[in-house]
Amino acid sequence: TCAEMATIPLGFNIDAPRWDQSTFMGRLKHFFNITDPRTVLVPEKELDQAKAMVESCRAGLVPPGSSQEQLLYAKKLYDSAFHPDSGEKMNLIGRMSFQVPGGMALTGCMLQFYRTVPAVVFWQWVNQSFNAIVNYTNRNAASTVSLRQLGVAYVTATGTALATAVGLNLYTKRAPPLLARWVPFAAVAAANCVNIPLMRQQEIINGVTVTDKDNNELGQSRRAAVKGIAQVVVSRITMAAPGMIIMPIIMERLEKIPFMQRIQVLHAPLQMLLCGGFLLFMVPAACALFPQRCSLAVADLEQELRDSIMAKHGDKVPYVYFNKGL
């Protein structure tokens, strides 16, 4: 009533982005908001309440006494924990808001325990298991993936990471120490190039649903899927790069200091904390590199789909849009 009218602006749309998604800064603010690691600690009950609030707001039923701030916070929790396509609650480990605590621990361990082959094998395996969960959770949910395909993707990506890491580890035995410290990044980058396309192979085989700017479905496009997945690969490698490239340089310098040589037991926790600092900024920055709602010119689509769109809409639809996943 009057109180509601005062707090909720007329025509408030809970799904309208708070920041301009066509600019990098707008996307950065958006992803800082939804990848906030503090949302990992929010109880399940509160997440479900946030979902109910968002859904009732979408139906035009603003809960009595709700302020705009409460609705925006509910949307933040909803975006952090529920899949943008299906609306289903994502598993905790796969959420982008878990990338900072999860990535911090794994990156720190990969960078610290790189000297022996068993340590390299173990931490690369753990990291690829984590990546597989994240990639599956953040896929374009319109595409179903069989357990067999998931298994092949997981085994191939883990094998690629291990082959790269162990091969380079042996190759760098006679190289400068700093090069050996960069082996984990090379392994992570190589595995991302394999893991993400394989985990999302159904999108490449069958295409993803493309729409016009008003969200009207136009068909399935494999080329759109390839573009979206390629952007996700670049984002994931960018997410890992600063921490895994700069951290070894920092640790190489620090380990020469006598005080640091006396507290070797604290090197791993220190690396984890510093990696967390990098990831706190790099997770949203990497997600923001490309728009979540990806676009592709109709002229670049498959001939059949292009002809179908032209036959129905003529020149009125110059671009198609789709969710590229994260």
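Cβ from N, Cα, C; glycine included.
TrEMBL labels come from automatic prediction, so no person has curated them.
Residues 151-171 are the range that TrEMBL records as transmembrane segment, among 109-129, 151-171. Counting same-chain residues at least six beyond the ends of the transmembrane segment (151-171), those with a Cβ under 8 angstroms from any Cβ of the stretch are 114, 117, 120-121, 124-125, 127-129, 131-132, 135, 180, 183-184, 186-188, 190-191, 193-195, 198-199, 201.
Non-local neighbours of the transmembrane segment (229-250) in the same chain are 99, 103, 107, 110-111, 178, 181-182, 184-185, 188-189, 192-193, 196-197, 200, 203-204, 271, 274-275, 278-279, 282-283, 285-287, 289-290, 294, 324-326; each lies 6+ residues outside the stretch with a CB under 8 Å from one of its CB atoms.
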